[in-house]
Structures are given as structure tokens and as C-alpha cells.
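Asker: Sharing the features that TrEMBL gives for it:
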type	residues	note
DOMAIN	7-83	domain 'RNA 2-O ribose methyltransferase substrate binding'
BINDING	GLY202, ILE222, LEU231	S-adenosyl-L-methionine binding site
Amino acid sequence: MSSSPKVLFGFHAVGVRIKTAPQSVFEVFFDVSRRDARMRQFVDRTKEAGIRLIESDGLRLAKMCGSHGHQGVVARVDALAQVKSLDELLEQLEAGSDEPPLLLVLDGVTDPHNLGACLRVADGAGAHAVIAPKDHAAGINATVAKVASGAAETMPYFMVTNLARTLGELKERNIWCIGTSDDAPKTIYDVKLTGPVALVLGAEGEGMRQLTRKTCDELVSIPMRGAVESLNVSVASGVCLYEALRQRTG
Ligand SMILES: C[S@@+](CC[C@H](N)C(=O)[O-])C[C@H]1O[C@@H](n2cnc3c(N)ncnc32)[C@H](O)[C@@H]1O
């Protein structure tokens, strides 16, 4: 599993880390020129958590995180100790959970913004993990963490050497692998998502690779009523995951 970034930025990403694992935050740098209510509240919470605050300026913060989207807040953090492998997570789910696994598999999503948005929606819908291939896929970096708004801290993200083999292993564990493609005749609303399920989505341009497509148990589409052929991968992830959640809680 890829480790958390050493630098987090933005109110949400840093705020979630302070709330969920304050001991892992070394220090927080903030832009002293920002004196609005949001910043004051953030500074108060950081102090309450006993974390060292360091006065800084926008330029220095931008250099630290390599982005201007820091909102005046950057934290230096330790990598979180989370489940170490996909196998470990699946064992845990099989042993102790009354909830069947819900996994999001991304076959080659390379845009950090898309990965961040996928992690965020996976977290929102209660998925247990996001899986991607090691090659030709975005890893967790500070931009992903910012876009994920805290979900990069909470959502296990496993990058695997051979995605088709991993799908095979999921199938051996009786996890039903559902691929998504805009040309599939069956829709996401026609399939049962209440059991152990892995939802497999493709890359921004090309969609799923042939081998990934062939390895899935079945393929489904999301209805497209207008002129465009397909949705952004994070939006498609949201539609599929929330349909699973609807079925599981309905
Ligand atoms: C931008 S789309 C890629 C479109 C690509 N032309 C294709 O053939 O799949 C990225 C991914 O989002 C998912 N997706 C987007 N729109 C979809 C739809 N209408 N039905 C099913 N999946 C969709 C699929 O997983 C797709 O691989």
C-alpha cells in the first residue's frame, strides 16, 4: 500500500488528519496574513490538539507543497500505519465484518485530480479500499490528498503489480467483479450490488484495458441520455458506488 504524503495542505486534508491522527502531525505552517474566521478556527483547533504552529507566508507554503491551492495551511506529517496489504484487509473483512466488501478498482487513472475525487467518493459511499495497477496510474501525492479532502488519509489505496491477477484473486474470494463501460447493454441499476463486489472503472481516455475487461465477471453501463458518450471516471465511480450504497441500505 502506498504511504501517506509527508506534506498535506488545504483546510480539509490537514483538518481531517488533525482530527483523526493528531499524533502523526509534526507541525502546521499557516499564512499569518489570513485572519478570517476559518483560519482563526483552524488555528484554535490545531492549538487545542497540542500541535506546533509555525507562522509562515503564502509563497513559502506554495514552495513546501508545490501548489498554490494550500489555502494558507500546510502540515508536515508522518505516514499513517494502516493495513499493510490488500490480503490483510480482505482477511479482516472476511473475519470480522458483517458488511460485504465494496471495492473500487481503477484501471489506469493517471490524473491526480481524478484519483483524489475517486478516493473522496469511495470514502463517502463507504467503500473499503481503492485498488489500482502500479504502472500507468497516479500514486498518492499532495495534490491527490488535497482533492480527496481527507479521504487519502482514510481510504486504503493499494497499487498492485498485476491488476488482472488481483481481479482473479478477488474472484477466488467470491468477490463479484463488475466492469464498467459505456457500451455494455446491462446497466448498473440492473445488477445486484449487495454482496461482495468490486466495481472496476477504466482510464480517462481508453477505458478499461482488454485483459481487465475480459477478467470481469460482467460489464455494466451507466445510462447516458444526452449527447456525450461517457462520464468523467470520478463521476462514474460516484454513480456506481452510491447505487451500491443505496441497495445496501435501502
Ligand atoms: C472517461 S471514461 C472512458 C471512456 C472510454 N472511451 C471508454 O471506452 O470507456 C472513464 C471510465 O469511466 C467509466 N464510465 C464513464 N462513463 C460511463 C458510462 N456511461 N457507463 C459505464 N462506465 C462509464 C468507465 O469505467 C470508463 O472506463
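We count from 1, first residue shown onward.
Cβ from N, Cα, C; glycine included.
Caution: TrEMBL annotation is automatic and unverified by curators.
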Asker: Mean pLDDT for the domain 'RNA 2-O ribose methyltransferase substrate binding' (7-83), as a whole number?
Answerer: 90
Asker: Taking the centroid of the Cβ atoms of GLY202, ILE222, LEU231 as the S-adenosyl-L-methionine site, which other residues of that chain lie with their Cβ within 8 Å of it, listed in sequence order?
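Answerer: Counting only non-site residues, the set is THR180, SER181, ASP182, LEU201, SER221, SER230, ASN232, VAL233, VAL235, ALA236, VAL239.
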Asker: For ILE222 (S-adenosyl-L-methionine binding site), write down the residues of its own chain that are at least 6 apart in sequence and whose Cβ falls under 8 Å from its Cβ; none is a fine answer.
Answerer: THR180, ASP182, THR187, ILE188, LEU231, ALA236, VAL239, CYS240
Asker: Have a look around LEU231 (S-adenosyl-L-methionine binding site) and count the other CB atoms within 10 A of its CB, chains all included.
Answerer: 16
Asker: Using the residues the record lists for S-adenosyl-L-methionine (GLY202, ILE222, LEU231), what whole-number Å value is the largest Cα to Cα distance?
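Answerer: About 13 Å separates the two most distant Cα atoms.
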Asker: Which secondary structure state does DSSP assign to GLY202 (S-adenosyl-L-methionine binding site), in the simple three-class scheme?
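Answerer: Strand, per DSSP.
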Asker: Which numbers of helix, strand and coil residues does DSSP report for the domain 'RNA 2-O ribose methyltransferase substrate binding' (7-83)?
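Answerer: Helix, strand and coil residues of the domain 'RNA 2-O ribose methyltransferase substrate binding' (7-83) number 33 helix, 20 strand, 24 coil.
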Asker: Per DSSP, to which secondary structure element type does ILE222 (S-adenosyl-L-methionine binding site) belong, with helix, strand and coil as the options?
Answerer: coil
Asker: Specify the count of other C-beta atoms within 10 Å of the C-beta of GLY202 (S-adenosyl-L-methionine binding site).
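Answerer: The Cβ of GLY202 (S-adenosyl-L-methionine binding site) has 23 Cβ neighbours within 10 Å.
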